[in-house]
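Now, the feature entries from Swiss-Prot:
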type: BINDING; residues: Ser26, Gly27, Gly28, Ala29, Asp30, Ser31; note: ATP binding site
Amino acid sequence: MIHTIRLYIEKYRLLSEDRPVLVGLSGGADSVALLGVLVRLGYPCIALHCNFHLRGEESDRDEAFACEFAESLEVPFHKIDFDTISYAGERHLSIEMAARELRYAWFEEMRERLGGQATAVAHHRDDNVETVLMNLIRGTGIRGMSGIRPRNGFIVRPLLCVSREDILAWLADQGYAYMVDSTNLSDAYTRNFIRLNVLPLLEEINPSARNTIARSAEHLSAAETIYIYVLEQARKEVVVSDDRLSIGALMRFPAPETILYELLKEYGFTRLVSDDIFAALTKEPGKLFYSSTHRLLKDRDYLWITSLEKKEKRTFVLDPEKGINHEPIELSFQKLVITIDFPIEKNKRIAYLDYDKLDFPLTLRTWKEGDWFIPFGMKGRKKLSDYFSDHKFSRIEKERTWLLCSGDAIVWVVGERTDNRFRIDESTKRVLIVNFLG
């Protein structure tokens with residue numbers, strides 16, 4: 001296994017031996033193997049451990065083990081404690097997303113402080129397979145199907161070339177102990193569900209399913225390199241200026257519909273709106289299309305793109321009965337009858353509203369001076385301008401923020417916070433779930 005990892009590091013030029021390598025060490029099998037292998041290969045390592053305090057005594061047990069293991073290899077050890085639950089609540093993030101943000105921010109802080117060349121994390125081949133399947137289920141393009149990258153900035157993943165089975169066999173051979181995270185044995189999370197339920201079913205069809213998916217991801221990663229190259233060539237010819245695309249140049253490329261989407265998504269246009277724009281290319285000029293930040297005008301020979309900041313404010317009328325509204329941003333709507341054990345996900349991109357407190361139709365608009373709402377969990381009014389200031393919104397972020405409204409009342413600062421007047425309470429009978437898709 002060590003030889004395989006050495007070749008992988010060399011192939012992708014992940015590490016050199018002249019500067020320290022920071023290593024994320026949770027205490028689990030994968031990170032223990034990662035540190036052990038890198039030390040064996042001669043890299044100067046520094047171990048980093050995050051205690052998220054999410055699993056009671058298990059979290060403290062893992063920290064103690066990680067410290068002892070690093071000391072046994074004579075590797076410097078640094079650790080940090082996080083109040084993950086409070087961080088997630090303050091930012092309306094899932095626990096998983098909060099832990100991810102905290103971990104990688106600290107890793108980068110420590111890399112800069114200690115002069116590290118990179119931070120190595122312990123994603124392996126099976127993690128990559130699970131990621132590909134998750135992206136496929138959620139809907140993705142070639143980038144999502146190519147899986148986890150060996151390098152992402154200063155984060156490197158030397159174990160992507162080996163499987164979980166390889167890692168466990170190597171640990172047993174070396175006599176290394178490791179900690180087991182009890183949550184990894186639960187299928188409560190999507191990734192664990194795929195690991196424990198979906199992959200075993202796929203292996204009944206093809207016992208080599210993991211290897212096959214991993215190889216496919218590697219091939220797609222190579223194909224993505226070609227894809228990016230062609231896209232850059234198209235950009236040079238199609239993008240005449242910051243606000244103008246040439247229809248004629250676009251149509252000379254293969255797969256022009258895909259190229260158009262790749263160019264337009266930088267301006268906030270969804271795939272569905274991009275498809276509508278492409279369909280309009282052969283029709284009469286003059287039609288307008290909107291993203292959350294820009295307006296596009298289809299002219300005879302060009303697509304003209306202008307920022308909504310420079311244009312008159314516009315209000316969009318929404319119809320929750322359609323299920324999904326695509327313009328100017330993509331929102332999905334679901335009406336449910338509430339039950340005693342009704343689950344509420346803590347996610348800034350999802351709003352749970354009392355259906356019977358709303359006046360329809362709902363509307364979507366950008367903010368204006370004098371706007372106010374009652375933030376969820378509060379009793380008093382707050383000017384939206386003050387909310388923006390408190391949360392350090394830039395001018396562009398303010399202009400790009402959309403407000404879901406019921407009559408004159410702001411129901412939801414989309415992607416941020418709902419209004420307390422429309423919250424679910426003990427009298428709620430029906431719930432409207434609004435999901436910000438992009």
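Cβ atoms are placed via backbone N, Cα and C, with glycine included.
Its own atom aside, the Cβ of Ala29 (ATP binding site) has 22 Cβ atoms within 10 angstroms in the protein chains shown. Least crowded of the binding-site residues (Gly27, Gly28), judged by neighbouring Cβ atoms within 10 Å of its own Cβ: Gly28. A sphere of 10 angstroms centred on the C-beta of Ser26 (ATP binding site) encloses 24 other C-beta atoms. Ranking the binding-site residues Asp30, Ser31 by how many Cβ atoms sit within 10 Å of each one's Cβ puts Ser31 at the top. What surrounds the ATP site, by Cβ distance within 8 Å of the Cβ centroid and not counting Ser26, Gly27, Gly28, Ala29, Asp30, Ser31, is the set Leu25, Val32, Ala33, Leu34, Ala122, Tyr178, Met179, Asp181 from the same chain.
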